[in-house]
Protein chains: 2
Amino acid sequence: MKISEIGEFGFIDEIKDNTLFNPDPVVIGIGDDGALYKTTQGMEQIAVIDTMVENSHFIIGRTGEWYDVGYKAVASNLSDIAAMGGIPTHIVLSTAFRPDMDVDDVIALYKGIKDICRTYKVNILGGDTVTSQEGAVITVAAFGEIEAGKALLRSGAQAGDVVAVSHTIGNSGAGLDVMLHGADGYDELKKAHRFPEPQIALGRLLVKHHCHSLNDISDGLASEANEIAKASGVRLVLQYEDLPISEELQRWAAASGTQAGKFVFTGGEDYELVFTMSSADFAQLQAEFPAVTTIGTVEAGPAEVVLCQGGKRELLPAAGWTHF
Amino acid sequence: MKISEIGEFGFIDEIKDNTLFNPDPVVIGIGDDGALYKTTQGMEQIAVIDTMVENSHFIIGRTGEWYDVGYKAVASNLSDIAAMGGIPTHIVLSTAFRPDMDVDDVIALYKGIKDICRTYKVNILGGDTVTSQEGAVITVAAFGEIEAGKALLRSGAQAGDVVAVSHTIGNSGAGLDVMLHGADGYDELKKAHRFPEPQIALGRLLVKHHCHSLNDISDGLASEANEIAKASGVRLVLQYEDLPISEELQRWAAASGTQAGKFVFTGGEDYELVFTMSSADFAQLQAEFPAVTTIGTVEAGPAEVVLCQGGKRELLPAAGWTHF
């Protein structure tokens with residue numbers, strides 16, 4: 001059945017159940033002009049927004065399915081909240097669909113949205129649905145909270161800090177490349193692209209362990225590291241040999257004749273975290289969250305990122321990795 | 001110059017100034033992973049979201065210009081906050097543009113967004129911009145506050161209440177019709193469609209004067225009155241002869257061979273308010289805000305809307321006005 005056949009109210013009936021996964025702060029959910037919720041005393045509020053456009057951010061049947069799109073539209077927003085050290089609380093969302101979109105596909109999209117919201121105890125407080133003549137457009141605005149004064153920004157990196165990342169980097173970009181080539185296998189890479197995990201728990205540990213600067217990796221490590229360098233007015237020096245790169249990524253790089261660094265530095269949508277902190281604090285963090293890896297250090301100097309590889313030391317521009 | 005030629009960072013540079021019109025509660029605005037703001041103790045938070053799609057919600061050069069689209073994308077959201085009695089505080093927004101969209105048009109759109117935000121002292125806290133292959137898509141999520149427990153819902157209408165509206169109704173739908181016909185004149189109707197005023201001040205007075213139920217008129221009075229009737233479980237009885245209809249609307253109805261009621265009941269995007277309250281409270285309200293008009297009464301009975309016209313009494317369905 002097509003979405004145009006069930007109409008707006010049919011659509012709302014299909015998706016209105018199972019929207020509150022942490023009902024305590026919610027006064028009014030879906031159904032009135034707006035949603036109404038309470039905030040926690042002593043906490044500051046975080047707001048983020050992100051849009052995914054069909055055939056630009058995803059190609060159904062090739063880079064993912066409708067369920068994934070819903071999951072990822074929320075994941076990218078929760079990642080921005082993780083990148084401030086916050087706790088996500090609610091989302092509102094807007095979807096634009098072609099009139100001939102299949103109702104089952106819409107339900108699959110919303111199942112993806114609801115499943116990740118359930119995992120992170122995030123409420124769906126409301127939404128809007130409109131008709132699009134072209135592909136689907138999904139916009140999610142997410143809210144979160146953080147203890148007043150504790151938000152982790154890009155601007156706090158200090159000379160002497162270590163630079164570190166949450167897990168292996170570049171898997172999502174490599175997974176996209178695998179799917180665009182129609183290659184079998186490489187399930188870890190494909191999963192990284194289709195179901196990225198927002199690093200909420202690590203973000204909270206970074207608050208606890210006095211992290212100085214924090215960013216999530218949505219546009220590739222080169223871009224995100226440069227954002228920290230620019231916002232903080234410091235030089236980040238990264239060691240290529242220290243970068244955590246998965247075995248599958250290395251295998252796909254070899255099979256496809258691509259250098260692994262291309263995926264690490266310019267592959268987007270990892271939704272891992274890159275951060276800087278003192279080495280003593282890093283040791284404490286690592287005891288609680290062993291997956292983290294140092295990849296470099298922070299130096300006083302101009303706002304730039306330098307990459308050391310095989311004894312050579314070259315600038316790493318925000319646009320990516322084209323030097324080696 | 002095309003938007004694709006200035007790129008994402010050029011775009012952010014063009015629009016990042018003049019975004020905070022009430023800086024006090026803002027900790028971090030545009031520029032980090034998310035925005036950070038403080039809420040007011042004792043207030044509950046309101047969240048709404050709304051999307052406008054080119055050639056579905058607006059046709060540039062025919063039903064409005066880019067400036068208007070920006071203005072109205074915010075107005076429709078602020079109207080939802082007014083419809084709960086709230087004070088708007090911040091927005092975040094997402095825009096999707098074709099790569100060949102003219103930069104001057106983007107700037108005009110943002111000027112419309114900023115001008116209405118300045119008027120209502122609403123901060124622009126952040127956004128996202130993506131590429132669309134088809135027309136522009138503008139999504140605004142707006143936040144507001146209201147004293148805890150004071151939000152005005154659709155569900156509070158009581159038998160014995162008067163039903164009232166904020167100003168004349170139907171002008172926006174009539175203005176759209178005028179523009180689609182390419183007719184000269186009718187400036188009041190065109191203005192109502194292009195620059196609707198969210199009724200924030202009236203919403204606040206409705207809180208003060210113990211309004212029982214409230215809705216904004218985004219989809220026509222028939223739909224909105226039925227929403228109140230359904231949410232409250234009461235019958236709304238409207239008097240056709242009491243409806244405030246502008247002289248210009250009556251003139252356009254006569255000139256175009258349309259019954260005025262079509263615009264009043266089914267014309268959307270008025271962003272006026274329809275509400276119910278005791279007649280004594282209404283008298284107090286009217287002393288402070290003379291534009292309000294009673295258009296009917298609330299009766300105990302099934303959840304329905306009845307329209308009285310010329311001695312006849314007929315059901316007014318949510319879908320509109322087809323009976324007379």
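Even glycines carry a Cβ here, placed using N, Cα and C.
No curator has checked TrEMBL annotations; they are predicted automatically.
Keep in mind that this is a model prediction, so the values were computed, not measured.
Feature annotations, courtesy of TrEMBL:
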type	residues	note
DOMAIN	A:31-145	domain 'PurM-like N-terminal'
BINDING	A:D33, A:D80	Mg(2+) 4 binding site
BINDING	A:D33, A:D80, A:D216	Mg(2+) 3 binding site
BINDING	A:D50, A:D128	Mg(2+) 1 binding site
BINDING	A:D50, A:D80	Mg(2+) 2 binding site
BINDING	A:H57, A:E269, A:W321	substrate binding site
BINDING	A:Y110, A:G127, A:D128, A:R154, A:S218	ATP binding site
DOMAIN	A:158-306	domain 'PurM-like C-terminal'
BINDING	A:D219	Mg(2+) 5 binding site
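For A:R154 (ATP binding site), the nearest of the binding-site residues by C-alpha distance turns out to be A:D219; the candidates were A:D50, A:H57, A:D128, A:D219. Those binding-site residues from the list A:Y110, A:G127, A:R154, A:E269 that have a Cβ under 8 Å from chain B Cβ atoms: A:G127, A:R154. Geometry remark: A:D216 (Mg(2+) 3 binding site) versus A:D80 (Mg(2+) 4 binding site), CA distance 7 Å. If you draw a 10 Å sphere around the CB of A:G127 (ATP binding site), it holds 26 other CB atoms from the protein chains shown. Summary: among the binding-site residues (A:D219, A:E269), the fewest other C-beta atoms within 10 A of the C-beta are counted at A:D219. Take the binding-site residues A:D33, A:D128: by the count of other Cβ atoms within 10 Å of each Cβ, the lowest one is A:D128. Using a 10 angstroms CA-CA radius around A:D219 (Mg(2+) 5 binding site), none of the binding-site residues in A:H57, A:Y110, A:D128 qualify.
The domain 'PurM-like C-terminal' (A:158-306): residue composition by secondary structure is 69 helix, 28 strand, 52 coil, according to DSSP. A:S218 (ATP binding site) has its Cα within 10 Å of the Cα of these binding-site residues: A:D80, A:E269, taken from A:D33, A:D50, A:H57, A:D80, A:D128, A:E269. Listed in sequence order, A:E14, A:I15, A:G70 are the same-chain residues at least 6 apart in sequence whose CB falls under 8 Å from the CB of A:Y110 (ATP binding site).
Taking the C-alpha positions, the distance from A:D50 (Mg(2+) 1 binding site) to A:D80 (Mg(2+) 4 binding site) comes to 9 Å.
Closest to A:G127 (ATP binding site) in space, going by CA atoms and restricting to the binding-site residues A:D33, A:H57, A:D80, A:E269, is A:D33. The domain 'PurM-like N-terminal' (A:31-145): residue composition by secondary structure is 34 helix, 49 strand, 32 coil, according to DSSP.
Cα distances from A:D33 (Mg(2+) 4 binding site) to the binding-site residues A:H57, A:D128, A:E269 are smallest for A:D128. Rounded to a whole value, the Cα-Cα separation of A:D80 (Mg(2+) 4 binding site) and A:E269 (substrate binding site) is 12 Å. The CA atom of A:D128 (Mg(2+) 1 binding site) is located 20 Å away from the CA atom of A:H57 (substrate binding site).
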